[in-house]
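Colleague: Before we start, here is the structure in question, set down as structure tokens.
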Amino acid sequence: MADCVVSIAEFRAGNFRRVSFEVASEARKVADALNLPLYGIAVGCGVGEKAVELGYYGVDKVFVADDAALENYVPELYVPVVASLIEQWQPAAVFLPASVDGKDLSARLAARLQTGLAQDCIQVVCDGGVIKAKRPIFAGKCLAWCEWADGALPMISCRPNVMDCQAADATRQAQVEKVPVDLPEARSQALGVELDTTGKVELTEAEIIVSGGRGMKAAENFAILEQLAKELGAAVGASRAAVDAGWRPHSDQVGQTGKVVNPNLYIAVGISGAIQHLAGMGSSKYIVAVNKDPEAPIFTKADYGIVEDLFKFIPAFTEEVRKMKSTC
Ligand SMILES: Cc1cc2nc3c(=O)[nH]c(=O)nc-3n(C[C@H](O)[C@H](O)[C@H](O)COP(=O)(O)OP(=O)(O)OC[C@H]3O[C@@H](n4cnc5c(N)ncnc54)[C@H](O)[C@@H]3O)c2cc1C
């Protein structure tokens with residue numbers, strides 16, 4: 001008999017990542033459908049002070065593993081800490097972020113707990129007590145519904161920026177319990193983390209992304225996308241062709257071998273729309289494509305298409321945005 005639903009948060013550089021709140025909101029819906037309490041797990045260094053924030057998004061009780069050794073994600077340390085908590089309960093489901101670290105953690109946890117993982121899910125339903133999760137497969141060409149066999153624990157990682165995040169309710173207080181941290185000796189350690197201090201919006205959390213492809217023709221031409229992004233408060237992404245050409249860092253790459261993004265608005269500039277690129281941005285809410293070739297495959301995916309030379313269109317569009325903003 002299940003006694004809870006579990007939501008695992010991701011804590012980095014002194015704050016919960018937004019996807020933690022999306023995951024808690026989604027897990028809350030399932031907990032409500034099953035009439036169960038929602039337990040949160042928060043692991044990190046200094047995470048205890050922030051644990052109450054998970055309550056704002058529906059977590060009833062937060063179990064906190066707070067230790068200096070847990071400042072960075074080290075699988076050998078995180079997995080036993082999280083698994084030992086889950087093993088004490090009989091969860092109906094475990095939710096966690098499908099971030100880079102979350103995907104790693106969820107796969108290891110699923111193996112350790114001998115259960116099935118639905119990775120990178122974009123929808124979860126709980127129908128008559130049965131949990132089902134939808135996830136893209138074959139680089140986004142198909143969508144698969146996953147169900148678990150009787151007795152198996154559904155483990156579900158949620159793609160960032162897709163699930164609805166409920167509004168924070170600061171009056172909602174979660175109970176916070178610190179758990180003793182008994183860490184094994186790890187064979188690996190995180191020596192440090194290099195944080196991007198440029199103030200750039202992180203691609204996976206951006207509401208708007210302006211991405212450039214081979215059509216940009218040179219690294220310096222990305223300046224026009226940077227200007228547009230600045231006006232829109234957007235992040236700048238790139239296709240693999242632009243990254244392979246050395247015009248942008250790999251951290252900007254969107255796609256199958258880059259980042260999976262889900263902004264409200266994705267503007268693809270000089271990008272043809274190869275399946276591997278679509279795998280990374282196909283679930284964006286609105287897609288605008290700027291391409292001089294009317295036959296470019298990106299137009300089959302775009303909500304709005306502009307057939308034009310990008311070097312004419314982007315500066316003119318940026319100017320219009322600037323004018324609109326000055327009159328608002
Ligand atoms: C295993 C594997 C993994 C991959 N992973 C990724 C990935 O993660 N991300 C990714 O992006 N790709 C990935 N690729 C590569 C992918 O197949 C494509 O090669 C790549 O996406 C093409 O990038 P592009 O659209 O920028 O370039 P192109 O396909 O060359 O398209 C450039 C476009 O720019 C347009 N254009 C040119 N000049 C102008 C102009 N002046 N104005 C307007 N439009 C113009 C052209 O009409 C064209 O449509 C992967 C490939 C493989 C095999």
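Residue numbering: from 1, along the chain as shown.
The backbone N, Cα and C atoms fix where each Cβ goes, and this holds for glycine too.
So TrEMBL has the following annotated:
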- R214, 239-240, 253-257, 270-277, N291: FAD binding site (BINDING)
- 5-195: domain 'Electron transfer flavoprotein alpha/beta-subunit N-terminal' (DOMAIN)
Colleague: Going along the chain, which residues six or more apart from R214 (FAD binding site) have their CB under 8 A from its CB?
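Modeller: In sequence order, the residues whose Cβ lies under 8 Å from that of R214 (FAD binding site) (at least 6 apart) are S239, A241, A242, A245, G270, I271, S272.
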Colleague: Using Cβ-Cβ distances, find the residues under 8 Å from A274 (FAD binding site) that belong to the same chain and are at least 6 apart in sequence, listing them in sequence order.
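Modeller: S239, G255, P297 - these are the non-local Cβ neighbours of A274 (FAD binding site), listed in sequence order.
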